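Colleague: As annotated by Swiss-Prot, RNA binding site applies to 109, 125, 167, with the evidence given as similarity to another entry. Swiss-Prot lists 393-402 with the feature compositional bias 'Basic residues'. Taken from Swiss-Prot, the feature domain 'CoV N NTD' covers 64-193. Residues annotated as phosphoserine in Swiss-Prot, with sequence analysis given as evidence: 170, 194, 390, 425. Feature annotation from Swiss-Prot assigns phosphothreonine to 177, 429; the stated evidence is sequence analysis. The feature region 'Disordered' is assigned by Swiss-Prot to 1-62, 159-230, 271-290, 382-429. Taken from Swiss-Prot, the feature region 'RNA-binding' covers 56-197. Look at Swiss-Prot and you will find 267-384 tagged as region 'Dimerization'.
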C-alpha cells in the first residue's frame, strides 16, 4: 500500500475553503503552482496545473513533479546546504520512519535587472522529494548529482524506493516543512512560511479570470493585470529597494569593535545564570575558565558559545525551569558577604544536582553523542590543562621605561684623560723645574710651584 503524507489528518474540508483536506493551510509555492477553481467564469474549461522550468513536457500532457513540502530558501551567499547524518527528512503524518528517505533538489531561480542596469541573481531554493519520485526518480540513493543532497532517517532502507505516491496539486496542498526535534537547519537558509521571511512565491493564490479577452491581451505582449503576482516578486522588490539604497541584500550586517563591546558588556551586566555566551562574549568571559567544576566546551564551542551550529541539538537536552526546580536536588547555602570595606549584604547560593536521561530512540541520538564526546572534559586534551583558550598576552606597563633606566644606571662615568683634567696634585720633577726655569725671565722657580702645581 502506498503512503500519502498527511492522510491521517484527512477529513471533511473546512467550510471556509481555506484549508485542505489534511488540515493544512493552503499556500501556493513553486512546489504547488496551480490555478484555483474559476467557478462559473471558466466557461467549462478544465483547470490545468502550471508547468515548471524543469518539468516542461516535450509533447502531450505530463503531470509535473510537485513536492509534498514547502521549500527551503537560501538568504546568505556562500552557505552550503547539508544536514547531519540521520537528519533532513521532513516529517508528515502517516509516513513511517522506514519511508523517510529521499533528496533535496536545488531550484536555480532566475535573475532580474536592477535599476542601475546590473543583473541580480536570486539565491536558489530547495525542495524535497521522496526516493523514487521527483525529477530524479530513477536515481539511486547516494548518486553524485549536481544540485542534489541525499537525506534519510536512521531506520530507512535506502536500497529501495519509498512507497510514496506523487502529489496531485488538485487534491493535495503542499505541507509546511517541519523537522524532527534536534534537527539543525543549515545556516543561511530558512523554511518557506516559517516566519523568517514573507513567502516569495504566491502565484495562483487568487483565482484569476482568463476569458478570451484576457488571453488576447496576454498574447499581444501587453501589460498583465496588476493583481497578478509573479513568483519571487516579494524578494525581487526587496532586492530592488536595497539596490536603490546602495546595499547588498546578501551582505550580512558587519559587527564593529564598538558594537561587539556593547553586546559583551550588556551580557556581563546580567546575573551569571542569565548570561548567553556568543561570538561577542565567549564562554570563558561569561563563566570562567574550563576545569573540573566547569568541564564542558571544546575550543570551537568556547569561542562561538550558543552561536555554534552544534549547540541547538544540545539545547534539546537542557531542562526546563519546571524540571530544574522539581526534578533536581536543591540546597540553599549562605556564603561570605564579601570584604570588610564592601557594603554589608547576605549572599546565598542555590546549589543543585540532577540528571537528564535519554536513550538511542531520541531523534538525532548519534549527533548528540558525537557532540557530547567532543566537548565533555575537552579541557583535559588541551595544552595548559584548564586554560583551553590561551589568554591574549598583556604588555607589561613600564617595562620600556625601566629598561631605559637600567641602561643609564649601567653606563660607567668616563675617566679623566689626564691628571690635569682630574685636578690631581703631584710633586715637580727635575725636568719640570728645568723647563720652568727657561720660561721664567729671572730663572727662579716660584716657591708656590715647588711642591704643588695646578698647570
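Every residue, even glycine, has its Cβ placed from backbone N, Cα and C.
Give me the local environment of each listed feature.
Modeller: In this structure, residue 167 (RNA binding site) belongs to neither helix nor strand by DSSP; it is coil. For residue 167 (RNA binding site), the Cβ neighbour count at a 10 Å cut-off comes to 25, with all displayed protein chains included.
Helix first, then strand, then coil: DSSP counts for the domain 'CoV N NTD' (64-193) stand at 3 helix, 33 strand, 94 coil.
For residue 177 (phosphothreonine), other Cβ atoms within 10 Å of its Cβ number 23.
Annotation for residue 429 (phosphothreonine): no same-chain Cβ neighbours under 8 Å separated by at least 6 residues are found.
On the 0 to 100 pLDDT scale, the region 'RNA-binding' (56-197) averages 85 in the predicted structure.
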Colleague: Please work out the helix, strand and coil residue numbers for the region 'Disordered' (271-290) from the DSSP assignment.
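Modeller: Grouping H, G, I as helix and E, B as strand yields 8 helix, 0 strand, 12 coil.
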Colleague: Can you give me the Cα-Cα distance between residue 109 (RNA binding site) and residue 170 (phosphoserine) in Å, rounded to a whole number?
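Modeller: So the alpha carbons of residue 109 (RNA binding site) and residue 170 (phosphoserine) sit roughly 24 Å from each other.
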Colleague: Does DSSP give residue 429 (phosphothreonine) helix, strand or coil?
Modeller: coil
Colleague: What whole-number distance in angstrom separates the two most remote CA atoms of the RNA-binding residues 109, 125, 167?
Modeller: 22
Colleague: Using other CB atoms within 10 angstroms as the count, which residue among the binding-site residues 109, 125 scores least?
Modeller: 109
Colleague: Report, as a single number, how many Cβ atoms besides its own are within 10 Å of the Cβ of residue 170 (phosphoserine).
Modeller: 12
Colleague: By DSSP assignment, list the helix, strand and coil residue numbers for the region 'Dimerization' (267-384), in that order.
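Modeller: Taking the region 'Dimerization' (267-384) as a whole: 45 helix, 16 strand, 57 coil.
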